[in-house]
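**Q** According to TrEMBL, the record shows the following:
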type	residues	note
ACT_SITE	His37	active site, proton donor
BINDING	30-37, 149-152, Val178, 186-189	ATP binding site
BINDING	Gln61, Gln155	(R)-pantoate binding site
BINDING	Gln61	beta-alanine binding site
Amino acid sequence: MRTVHSIKELRTILRGYRQQDKTIGLVPTMGNLHEGHISLVRKAGEAADIVVTSIFVNPMQFGASEDLDTYPRTLAQDQEQLEAAGNTLVFAPNVEEVYPEGLARQTQVVVPDVSDGHCGASRPGHFEGVATVVTMLFNMVQPDVAVFGEKDFQQLTVIRKLVRDLCIPVEVIGAPTVREDDGLAKSSRNSYLSEGDRGIAPAMYRILEETGRKLAAGRSDFAALESEAKEAMVQAGLRPDYFNIVNSDTLKPATNEDTSLTLLVAAFLGTTRLIDNLTVTR
Ligand code: PAF
């Protein structure tokens, strides 16, 4: 497995694979890889001949008060895991390679509607940062397929829309969330949790499941269900950011006509912000 840091080198290597008629799968990551990321790499390996994993902590998607400086950077361990998972190429550019003119002078990609609300409301500019870097990675790698985790449900929706709207010739594949035995969704940010908070964190998924069961049983008083879920989170020791029941495609508030509903949740434990989701079909 090779690791390259420049776009030029990346393109040279990928040109060689394309000349051999190999298909290319991309897994964009910010590194600090765990089993969730590795499941994306394996999925990409099922869908394409060559798997490129990008590792880039993208400053454009972090707010001023967020964890950009402390975000774990663990390239050596990441490389070991990727090698074992059958990844072909690691693309690990530095910030100057991706944004040579600086963030302020960078063209940005804005994906309307689905970027608004939920994490978009709590983290202004976040999805512009994600959409911009993912569009750039698509142009750098020109993959046939790209795999993203369903754990970041709103992000996946934003990326699907940007690919549609900008006619980018890539198939976007969503991969199921990988969970710990107690239900907590695997996330790089779980490592920030104190022992006590780690004990509380699985309540998020428990409450998603409880609310999902209530919906499946026929309840459709969405606002009341959201309030009950937030109250249950507070009782469990979480500080809810939002708990929203939405149409799975548009991410707009759920209505009685919707057949697929997604429950989107974000909550704080100390200063750590965790997200999760659950989709229910009726
Ligand atoms: O999900 C992530 O890790 C990031 O948002 C992504 C898609 C790699 C863009 O920086």
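Just so you know, glycine gets a Cβ as well, placed from its N, Cα and C.
Bear in mind that TrEMBL entries carry predicted annotations, made automatically and left uncurated.
A quick note: this is a predicted structure, and the numbers were derived from the prediction, not measured.
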**Q** Among His37, Gln61, Gln155, these being the recorded positions, pick the one whose CA is nearest to that of Val178 (ATP binding site).
**A** His37
**Q** So which of Met30, Glu150, Val178, listed as binding-site residues, have a Cβ under 6 Å from an atom of ligand 1?
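**A** Near ligand 1, sequence order: Met30.
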**Q** How many whole Å apart are the CA atoms of Gln155 ((R)-pantoate binding site) and Met30 (ATP binding site)?
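**A** Just about 14 Å between their Cα atoms.
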**Q** Work out how many Å separate Gln61 ((R)-pantoate binding site) and Met30 (ATP binding site) at their Cα atoms, rounded off.
**A** 11
**Q** Using Cβ-Cβ distances, find the residues under 8 Å from Ser188 (ATP binding site) that belong to the same chain and are at least 6 apart in sequence, listing them in sequence order.
**A** Met30, Gly31, Asn32, His34, Tyr71, Pro72
**Q** For Gln155 ((R)-pantoate binding site), just give me the three-state DSSP call.
**A** helix
